[in-house]
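Listed features, source TrEMBL:
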DOMAIN    24-188  domain 'Beta-mannosidase-like galactose-binding'
DOMAIN    199-301  domain 'Glycoside hydrolase family 2 immunoglobulin-like beta-sandwich'
DOMAIN    320-437  domain 'Glycoside hydrolase family 2 catalytic'
DOMAIN    666-747  domain 'Mannosidase Ig/CBM-like'
DOMAIN    751-801  domain 'Beta-mannosidase Ig-fold'
Ligand code: BMA
């Protein structure tokens, strides 16, 4: 097989409607060089024809691009040898979105779905020597509106409502954390493929026995072309690359084999064990030469989603069980890491997913308003132990279900399920994001709802289910997120999005425990991005939270469609903190509030993972891990890749051992563990006045039970208000910490902590004399701290490490500080 990527010498231009299409392609005017794969927006930016849409208010000036049609053109050469191959295909791996393709004047393809790849037999059209490809991309907005006029306007949350008619990443239409940028172009490679015979697809659904002592690996290979006299060689390599099994079969007779592995090395999610990956190599050979090959990484794991009764409670659990071990799925929702998709490098994917892993996360939800992610994303999830909750790409809308639409969705689903089904990280397929909620809100679902108004029900409950159950029956199909019970907002069955905090009634974030679900697949609280990002993405005269540009970079809107991000943030700030005096303090305050909210959320949700028979809450996925541009949002990592304080809070709450404290009368204390063994430990409790005088201390022995919560007897200390610290010790070493400062913070004046700070080469050493909360170190760059946003007790010294401090000056701030403190690098004499 030879592959010729058509990735150079392309040109593009806006369609000139005053010319016929043919004349427009023929005319020499207006063309500029184009990158393929790529998009119009990115090319125009690179060539200086538009300004960076992410800077300042520039987004407003580039809307015309999505409202207009575009042409792409390429001349390419085909030589005699390629022409002699039995099969000649042109593969369009992804076209964004409404695209008609002509080769040498003959129409090859009309594509209306960004999530589908096409492989077209071009043998009848290709000529020796020069060939010409013409692509017309029509405006998704114009086409969507035309379909809307034909089929009716539909309810949506976020973006132009015509989006539901177009199979394009829905966040491109604008979201409550993203700009509107209707990208256009061949966003995935275009490749000319010449072959005699080739491997189209390999499916290897691993089945690990209930006793975990062996695995069956049936392998099914889909072939194309002439198989006479050709051989398929299937090799299974262990995680060290050693060949463990091999089978040769004549390709014309057989395309399936079964491997059986005794005592397989088991794959576990992050924090629960290792991620050994076996390799399956498939070779198609004929006449001593390799015609085609494919390689898959396989993980040996037994995965189930258990829904069973909960002792003394209503409804049923929703627990991921891996290798017979129930786990608390702690993680995050993922949105595309950029709006310009082609810009996301493999390394960027690695950095972002590594951040998730380093925060002790074990699950990522690929949210339905984005894209089915790049292959590298899932490879990394396999490698890093991040389970994937995979939505189908429908979000916050009343989608249509007319026959052409369903046909397109079926093609998309089949394509994507085939592509992703072999990944060990793939844990669940999910029909959509919040479409059952919007249906319930318009009276088409839920108690008293008229389901005849819910057209897309046939997609979520029939079409997608059928595709998954046919192509990937090993993975659970779940119709929506959220879904379960008769009321989609119910708390006792299935998964739930908890937005009573932030949205809806704007309940205090201290109340997450009142809004739990069996699996909380969304919840979050907004904050500003890093100061560095604000300064990089706005002109200096706009560096204040009330500026037009700042508001433009806060996309949250209320039910009336008007911006409401700053307003809601102001309420949470006013309830908890004293006011900010400058932008830097504003950033800190909003980020502190977000971090505190996440402490309550993860801690209280995990607390309800109580043990066998009582997995009352089995998952917590924060909305959202990442951002796609510079914005105030719910993200815990901003688009400069800088982790916010909430990131470190989540890391602590999701650690293998975490300590929970709640002051409800006495101090309630518990430990959550994800270890599989019991552990003898000690817990040291200390209480101080706000001025830092120690009032009580207690040291207790505790046997921590595995994979669940262990409660300790409550601690009663008389004086109030007090600051409490808890340290969990194993053989004298602190393995987890927790603290409780009196709330609301705004009522209390905290003593000056009298910090002593040393900036060493790759670490910062800090000693406090008084209790200090929320101590935050900011280098204005992405810095991979082992810990940050910490609380210290009087006399305590902590060393925070980061491999990439590089002698950077940093600023330090804590709750109640009058101003930020600058810490310069210094060499400390030994
Ligand atoms: C969730 C998501 C998104 C949205 C977020 C914040 O429910 O599914 O649609 O961005 O809320 O409002």
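In case you wondered, yes, glycine gets a Cβ from its N, Cα and C as well.
Per DSSP, the domain 'Glycoside hydrolase family 2 catalytic' (320-437) is made up of 47 helix, 29 strand, 42 coil.
Broken down by DSSP into helix, strand and coil, the domain 'Beta-mannosidase Ig-fold' (751-801) contains 0 helix, 24 strand, 27 coil. Each residue in the domain 'Mannosidase Ig/CBM-like' (666-747) gets a DSSP state, and the totals come to 3 helix, 51 strand, 28 coil. Taken through DSSP, the domain 'Glycoside hydrolase family 2 immunoglobulin-like beta-sandwich' (199-301) splits into 0 helix, 62 strand, 41 coil. Across all of the domain 'Glycoside hydrolase family 2 catalytic' (320-437), the predicted model scores a mean pLDDT of 98.
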